[in-house]
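A.B. asks: Shown below is the structure under consideration.
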């Protein structure tokens, strides 16, 4: 198999059955933990937003944007979901999107659902939210947090999340890769391509977060804990 046929949204047969099973069990455990913790993130305002976030990510993931000639990518959404509704609710949103895509649209293999959830809903969300919290804390040292600063935070967090999700796949491929491609080739391809994809991811994330901030900044989870004044 040519390494260019390997993508972030895994299909069946990229990692072997034992690895897929292990990651599937791990994903179930991680999502169970997220369910218990998401209750603290979701109030009467956040529940409708979580549904909208999941629907938006589902729709945007169906559209690929060009990266290089013959190469395209799509939104992963981990950082976006985490910034808007929190890391635990965000992980559940991404997992729901991936499950619907795998079961109803054959986008991503069913046996690869566990690895996909780990990469995009766990690694991607955790890396995106952690980066956003760190960057936002630095930004908040100023007297006011501008919309531009929030956009930069969202962009960089999404870029980091995309690269970390791709790194998670490379680790899984190193453990149980079933496709006939060398680990070095997979690492170089996934790393290089997902830095570029991360730029597109960052742009979409920044634009979406800014759109929400301009209308209802109180709905943005990252900014609710603690609250901040954002001039528009």
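Just so it is clear, glycine is given a Cβ too, placed from its N, Cα and C backbone atoms.
TrEMBL: automatically predicted annotations, no manual curation.
I grabbed these lines from TrEMBL:
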TRANSMEM  14-35  transmembrane segment
TRANSMEM  47-67  transmembrane segment
TRANSMEM  79-105  transmembrane segment
TRANSMEM  117-139  transmembrane segment
TRANSMEM  145-166  transmembrane segment
TRANSMEM  196-215  transmembrane segment
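So where do these features actually land, and what's packed around them?
C.D. replies: Outside the transmembrane segment (79-105), and at least 6 residues removed from its termini, the chain residues within Cβ reach (under 8 Å) are 27, 30-31, 33-35, 37-38, 40-42, 46, 49-50, 53-54, 57-58, 61, 112-113, 116-117, 120-122, 124-129, 131-132, 154, 157-158, 160-162, 201, 204-205, 208-209, 212, 219-222.
If one looks beyond the transmembrane segment (117-139) by at least 6 residues along the same chain, the residues whose Cβ comes under 8 Å of a Cβ in the stretch are 8-10, 23, 26-27, 30-31, 76-83, 86-87, 90-92, 94-95, 98-99, 145, 149-150, 152-154, 156-158, 160-169, 172, 222-223.
Sequence-distant neighbours of the transmembrane segment (196-215) (same chain, 6+ residues past either end, Cβ-Cβ under 8 Å): 8, 56, 60, 65, 67-68, 73, 75-76, 79-80, 83-84, 147, 150-152, 154-163, 223, 230, 232.
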